[in-house]
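The structure appears right after this line, and notes come after that.
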Amino acid sequence: IRCFITPDITSKDCPNGHVCYTKTWCDGFCSSRGKRVDLGCAATCPTVRTGVDIQCCSTDDCDPFPTRKRP
């Protein structure tokens with residue numbers, strides 16, 4: 001499987017059986033810059049914590065950098 005990986009946001013090969021993930025959360029600059037984003041691959045979908053959104057998928061390049069709606 002190929003997943004986008006941060007910080008470069010490039011598509012890279014991940015080991016067999018892994019899933020791609022997109023993790024987003026707010027930090028102190030969330031209101032002006034939007035949510036922080038972490039893209040990668042893992043053996044299993046990371047555990048969700050309070051205030052953190054995680055989406056996992058299992059097809060090539062299924063975790064693109066999320067777009068932010070402009071006002």
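Residue numbers in this text run from 1 along the chain shown.
Note: Cβ is positioned from N, Cα and C throughout, glycine not excepted.
Residues or ranges marked as disulfide bond in Swiss-Prot: Cys3-Cys20 (among others). In the three-state DSSP classification, Cys20 (disulfide bond) falls within a strand. Taking Cβ-Cβ distances under 8 Å and a sequence separation of 6 or more, the neighbours of Cys20 (disulfide bond) in its chain are Ile1, Cys3, Phe4, Cys14, Leu39, Gly40, Cys41, Cys56, Cys57, Ser58, Asp61, Cys62, Asp63.
DSSP assigns Cys14 (disulfide bond) to coil in the three-state reduction, placing it in neither a helix nor a strand. Residues or ranges marked as disulfide bond in Swiss-Prot: Cys14-Cys41 (among others).
Annotation source Swiss-Prot lists disulfide bond at Cys26-Cys30 (among others). Same-chain residues at least 6 positions away in sequence with a Cβ under 8 Å from that of Cys26 (disulfide bond) are, in sequence order, Lys35, Arg36, Gly51.
According to Swiss-Prot, the feature disulfide bond maps to Cys45-Cys56 (among others). Counting only same-chain residues at least 6 apart in sequence, those with a Cβ under 8 Å from the Cβ of Cys45 (disulfide bond) are Val19, Tyr21, Ile54, Cys56.
Residues or ranges marked as disulfide bond by Swiss-Prot on the basis of similarity to another entry: Cys57-Cys62 (among others).
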